[in-house]
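Positions annotated as active site, electrophile by TrEMBL: H95. Marked as active site, proton acceptor by TrEMBL: E167. Marked as substrate binding site by TrEMBL: N9, W10, K11, G173, S212, G233, G234.
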Amino acid sequence: MRRPLVAGNWKMHGTRASVAELIQGVRRLGFVDGVDVAVLPSCLHIAQVVEGLRGIPVSVGAQNCASQSDQGALSGEVASTQLVDAGCVWSLVGHSERRQILGEDDALVVRKFAAAQVGGLIPILCVGETLEQRRSGETLDVIVRQIGSLVDALGVEVFSRAVVAYEPVWAIGSGLTATPDQAQEVHAAIRAQIAVKSSAVADGLRILYGGSVKSSNAVELFGMPDIDGGLVGGASLNADEFGAICRAAGS
Ligand SMILES: O=C[C@H](O)COP(=O)(O)O
């Protein structure tokens, strides 16, 4: 039985003041039975959030990490070992905003994934197709390629210390959500791809859905057999809404 995970990706939002308010809101959620809860603030606010959430069962992660695990001459990047030192547990890797806007390709995503694990973080690998790719029937090919690049380079066992997030690019921040059946089809395909190499790893792998998750659609999405929680963007900036989504994962 996989324990659900709900991670709130705060993206490039927040000031010290608004983050302080959000921390108070998340603290009020308290303990959500049967669900792991995480928040991923901007790098600038990680220390504030780690301090602010001390003592409650909500872990903290980063939205990105460098492609090397050790400190070094790489201006503007943050190493996984530095993120662990700051109190992070997770790092997103390969979010579509970084793939599309910043040009991160599969090869770089592989290096970041490896660096995250070497430094002691649990990578949350993001995969997903664009609207154009979905319309032309390429969805599963795209996902298989994105997952396959990791498996080919690093082997399948690395997924026993990782999470996958399926985020259709067309559903991110758009208000459009994949239907539970659309999402389930992709989640099942990801699990089957991993199972070809190791059924034990596949069975234990948490696969999150992301893309306009709200309290109004969370119960249905999280009710699908291969959806093990959510990667929540916009809705995670409202603590009450985020709390309702977390509770939906436990229901
Ligand atoms: O990382 C989160 C995803 O990009 C989903 O964002 P969203 O919930 O605002 O659509």
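Note: Cβ is positioned from N, Cα and C throughout, glycine not excepted.
TrEMBL entries are annotated by machine, without manual review.
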### Query
Within 8 Å of the Cβ centroid of the substrate site residues N9, W10, K11, G173, S212, G233, G234, which other residues of the same chain have their Cβ?
I172, V232, A235, S236, L237
## Note on the structure
The answer, for which of the binding-site residues N9, S212 has its Cβ ringed by the most other Cβ atoms inside 10 Å, is N9
### Query
About how far apart, in whole Å, are the alpha carbons (Cα) of G234 (substrate binding site) and H95 (active site, electrophile)?
15
### Query
Near G173 (substrate binding site), how many other Cβ atoms are within 10 Å of its Cβ?
12
#### Entry: Length of the line joining the Cα atoms of G173 (substrate binding site) and E167 (active site, proton acceptor), in Å
11
### Query
Which of K11, H95 (the recorded positions) has the most other Cβ atoms within 10 Å?
H95
### Query
Counting other Cβ atoms within 10 Å of each Cβ, which of the recorded positions W10, E167, G233, G234 scores lowest?
G234
### Query
In which DSSP state, out of helix, strand and coil, do we find G234 (substrate binding site)?
helix
### Task
Quick one: pull the CA-CA distance for K11 (substrate binding site) versus the residue listed as 'active site, electrophile', whole Å only.
10
### Query
the residue listed as 'active site, electrophile': which of the binding-site residues W10, S212, G233 have a C-alpha within 10 angstroms of it?
none
